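Student: Straight from TrEMBL, here's the annotation block:
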- 1-20: region 'Disordered' (REGION)
- 1-15: compositional bias 'Low complexity' (COMPBIAS)
- Lys25, Ala26, Ala27, Leu28, Arg29, Arg155, Leu156, Gly157, Arg158, Gly159, Gly160, Gly161, Ser162, Tyr163: ATP binding site (BINDING)
- Glu78: substrate binding site (BINDING)
Amino acid sequence: MTNVTPSAAAPATLSPGGGDVRAAKAALRRRLLAARRAAGPAGAAEADALAAAVLALLPPPGAPGAGTVAAYAAAGTEPPTAGLLVRLRAAGWRVLLPVLREDDDLDWAAWDGGPLVPGRRGLREPAGPRLGREAVAGAGLVVVPALAVGRDGTRLGRGGGSYDRALARARRAPVVALLRRGELLDAVPAEPHDARVHLAVDPGGAHRLSAPGAGGG
């Protein structure tokens with residue numbers, strides 16, 4: 001995997017201490033979602049920068065899980081992945097995409113490059129066979145969406161807990177969170193179950209994080 005360098009100072013800070021953590025997370029989510037709506041959809045240059053940074057992080061041949069990447073099909077204001085998914089397949093990688101279950105846990109299915117079908121909560125997913133919740137454990141790299149990431153690797157998601165559960169099964173793979181500009185923060189309010197990630201990728205590149213125990217919540 002290509003080495004990455006620490007990023008510059010974070011554009012915003014939020015102390016996880018004091019007050020009600022859940023309320024702090026909800027307030028931060030509202031702020032970040034409002035900023036995304038104001039910024040509008042990511043442009044081609046931003047999408048290309050994110051894809052290039054992720055491709056540089058792919059594990060080398062022979063590494064555990066090499067050949068398989070677990071990623072996601074972006075929806076709404078999430079960091080774009082359409083170009084990344086196409087480039088991964090073109091490079092010969094098997095791409096797993098999440099399937100949201102009725103209990104809000106994540107199943108997985110391999111994407112064959114064809115059209116995605118509507119899933120729960122407006123998400124899009126492959127139409128192929130479901131591989132089970134543990135399929136993510138076989139990936140050599142896991143790429144996840146996030147609203148924000150702290151420099152200790154704490155990930156702020158939408159609040160459903162789907163990725164907290166899924167990442168607990170992906171303990172051997174580097175976990176990369178994709179962000180829009182300004183979403184790598186000094187600190188993010190966190191609860192004990194919140195999963196951590198190893199790296200954050202935003203339009204400025206890849207940022208290695210201090211994330212002990214990343215992968216599990």
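Glycine residues also receive a Cβ, built from the backbone N, Cα and C atoms like all the rest.
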Student: Return one of helix, strand or coil for Arg158 (ATP binding site), based on DSSP.
Tutor: coil
Student: Based on DSSP, name the secondary structure state of Arg29 (ATP binding site): helix, strand or coil.
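Tutor: SS state of Arg29 (ATP binding site) = helix.
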Student: Give me the long-range Cβ neighbours of Gly160 (ATP binding site): same chain, 6+ apart, Cβ under 8 Å, in sequence order.
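Tutor: When sequence neighbours closer than 6 are ignored, Gly160 (ATP binding site) has Asp104 within Cβ distance under 8 Å.
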Student: If you skip the near sequence neighbours and keep only those at least six away, which residues in the chain come within under 8 angstroms of Arg158 (ATP binding site), Cβ to Cβ?
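Tutor: Long-range Cβ contacts: Arg29, Leu147.
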Student: For the binding-site residues listed here (Ala27, Leu156), tell me which residue's CB has the most neighbouring CB atoms inside 10 Å.
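Tutor: Neighbour-count leader: Leu156.
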Student: Within 10 Å of the Cβ of Lys25 (ATP binding site), how many other Cβ atoms can you find? Include all protein chains, please.
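Tutor: For Lys25 (ATP binding site), the count of other Cβ atoms within 10 Å is 22.
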Student: Under 8 Å Cβ to Cβ from Glu78 (substrate binding site), same chain, six or more residues apart: give me those in sequence order, or none if nothing qualifies.
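Tutor: Within the chain, Glu78 (substrate binding site) has Cβ neighbours under 8 Å at Tyr72, Pro145, Leu178.
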Student: May I ask which residues of the same chain, at least 6 positions away in sequence, place their Cβ under 8 angstroms from the Cβ of Ser162 (ATP binding site)?
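Tutor: Pro98, Leu100, Asp104, Asp105, Leu106 - these are the non-local Cβ neighbours of Ser162 (ATP binding site), listed in sequence order.
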Student: Just how spread out is the ATP site if you go by the largest Cα to Cα distance in Å among Lys25, Ala26, Ala27, Leu28, Arg29, Arg155, Leu156, Gly157, Arg158, Gly159, Gly160, Gly161, Ser162, Tyr163?
Tutor: 20
